[in-house]
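*Asks:* I have a structure here, written as structure tokens, and I will follow up with some questions on it.
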Amino acid sequence: MRDGYNRSIDYLRISVTDRCNFRCAYCMPPDGVKLLDHADILAYEEILYLIKVFNKYGVNKIRLTGGEPLVRKGIVDFIRALSSLGIIDDLSLTTNGSLLADMAEDLKAAGLHRVNVSLDTVDPERFRRITGSGSLERTLAGIEKAITIGLHPVKINVVLTSAFMDSDLSYFIEMVYRYPIAVRFIEYMPIGYDGTGPGMAPAEVKDRLNAAGLGMLEPATGSIGNGPAKYYRLPGAKGLFGFITPITEHFCGACNRMRLTADGKLRPCLLSNRELDLKTLLRAGASEQQLGEVFLRALSEKPAGHNLAAGQPSFRRKMSQIGG
């Protein structure tokens, strides 16, 4: 299904919970956020129903987010039920990795195809400062487990905050030579909170990789996932580096996604406050046609692009409540 700018929208990112076992400064203000009542969160059965409706309009790629999706009880059974529908071509999940080592095998057996793991630094102290309570050791163990059991391709999301250092870059270089993974450097967006700020620019990271004495980055060929990253490979490396630049080289013209929040709001754009309420309609007994009409309305209201370059936007929700 195409929107008003002729973009094919086939990808839905679904926040299954607003809960998280981390308190990342980039994602959540220091004083936290008011959590949703459990009754306000979409039941798994409701999410499955909406996915079946949206599939009739061309949605065949799903990414599960949070909060931290792995903290929601029953997530493995939900993934199994979603996979068994037989209508999703790509089923992925974004996680902080803290619970992944214990759950990866069950997730893969249930039908999960691949994972993205957020990891902004590999320095234990900086990691604790960013996450508020996280264990770097547990996240690294989760990445290792996901690679070992074949949740391929494992992608590492690195937001270029002020916590990112040369030592982190050296570690990630070692990773792409050791494993067939994708390390993606994400340009800092002005939506964070106290305790974080912009770090290296993506262009600077690229320059440092080219100057590392390992050869020059070469553009990677082939399709790699559903997102906006531009991928490169260093000579002899098993893995790739990706660069996501939502401000300096925004990719809105090729956007293929919408977002469903944990409380049932459909967001045409991550960086817009516009939301359409599906939960109220769903619980009032709306028909598939009525729900589909909301999907089409969201499609028609999807903006041409964002205005991040103009300065910090005013969001009604925190990033932890949207799902990223």
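Using the three backbone atoms N, Cα and C, a Cβ is placed for every residue, glycine included.
Look at TrEMBL and you will find Arg13, Arg63, Thr94, Lys155, Arg257, Met258, Arg259 tagged as GTP binding site. Per TrEMBL, the feature [4Fe-4S] cluster 1 binding site maps to Cys20, Cys24, Cys27. The S-adenosyl-L-methionine binding site annotation in TrEMBL covers Tyr26, Gly67, Ser118, Met189. The [4Fe-4S] cluster 2 binding site annotation in TrEMBL covers Cys252, Cys255, Cys269. Residues or ranges marked as domain 'Radical SAM core' by TrEMBL: 4-228.
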*Asks:* Any idea which of the binding-site residues Cys27, Cys252 has the thinnest Cβ neighbourhood at 10 Å?
*Replies:* Cys252
*Asks:* What binding-site residues in the list Arg63, Ser118, Arg257 lie within 10 angstroms of Cys269 ([4Fe-4S] cluster 2 binding site), counting C-alpha atoms?
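*Replies:* Hits: Arg257.
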*Asks:* Within 10 Å of its Cβ, which one of these binding-site residues (Arg13, Lys155, Arg257, Arg259) has the largest number of other Cβ atoms?
*Replies:* Lys155
*Asks:* Can you give the mean pLDDT for the domain 'Radical SAM core' (4-228), rounded to a whole number?
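*Replies:* Averaged over the domain 'Radical SAM core' (4-228), per-residue pLDDT gives 94.
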*Asks:* Please identify, among the binding-site residues Cys24, Lys155, Cys255, Arg257, Arg259, the one with the smallest Cα-Cα distance to Met189 (S-adenosyl-L-methionine binding site).
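*Replies:* Nearest by Cα distance to Met189 (S-adenosyl-L-methionine binding site): Cys24.
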*Asks:* Could you check which of these binding-site residues, Cys20, Tyr26, Cys27, Ser118, Cys252, Cys255, sit within 10 Å of Thr94 (GTP binding site), going Cα to Cα?
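*Replies:* Final answer, ordered: Ser118.
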*Asks:* Quick check for the class: what is the C-alpha distance, in angstrom and rounded, between Met258 (GTP binding site) and Gly67 (S-adenosyl-L-methionine binding site)?
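*Replies:* Rounded to the nearest whole number, the Cα-Cα distance is 17 Å.
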*Asks:* Which residues, in sequence order, are found in the same chain with Cβ within 8 Å of the centroid defined by the Cβ atoms of Cys252, Cys255, Cys269 at the [4Fe-4S] cluster 2 site, excluding those residues themselves?
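*Replies:* Neighbours within 8 Å of the Cβ centroid, excluding Cys252, Cys255, Cys269: Arg7, Phe251, Arg257, Leu270, Leu271, Lys302, Pro303, Ala304, Gly305, His306.
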*Asks:* Should any of the binding-site residues Cys20, Cys27, Cys252, Arg259 have a Cα within 10 Å of the Cα of Gly67 (S-adenosyl-L-methionine binding site), which are they?
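*Replies:* Candidates kept after distance check: Cys20, Cys27.
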*Asks:* Compared by Cα position, which of the binding-site residues Cys252, Cys255, Arg259 is the closest one to Tyr26 (S-adenosyl-L-methionine binding site)?
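*Replies:* Closest recorded candidate to Tyr26 (S-adenosyl-L-methionine binding site) by Cα: Arg259.
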*Asks:* Could you check what DSSP calls Cys252 ([4Fe-4S] cluster 2 binding site) once collapsed to helix, strand or coil?
*Replies:* helix
*Asks:* How far is it from Cys24 ([4Fe-4S] cluster 1 binding site) to Cys252 ([4Fe-4S] cluster 2 binding site), counting Cα to Cα, in Å?
*Replies:* 26
*Asks:* What is the separation, in Å, between the Cα atoms of Ser118 (S-adenosyl-L-methionine binding site) and Arg257 (GTP binding site)?
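*Replies:* Between the Cα atoms of Ser118 (S-adenosyl-L-methionine binding site) and Arg257 (GTP binding site), the distance comes to 20 Å.
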*Asks:* Please identify, from the binding-site residues Cys20, Cys24, Cys255, Met258, Cys269, the residue with the sparsest Cβ neighbourhood, meaning fewest other Cβ atoms within 10 angstroms.
*Replies:* Cys269
*Asks:* So among the binding-site residues Thr94, Ser118, who's got the most Cβ atoms within 10 Å?
*Replies:* Ser118
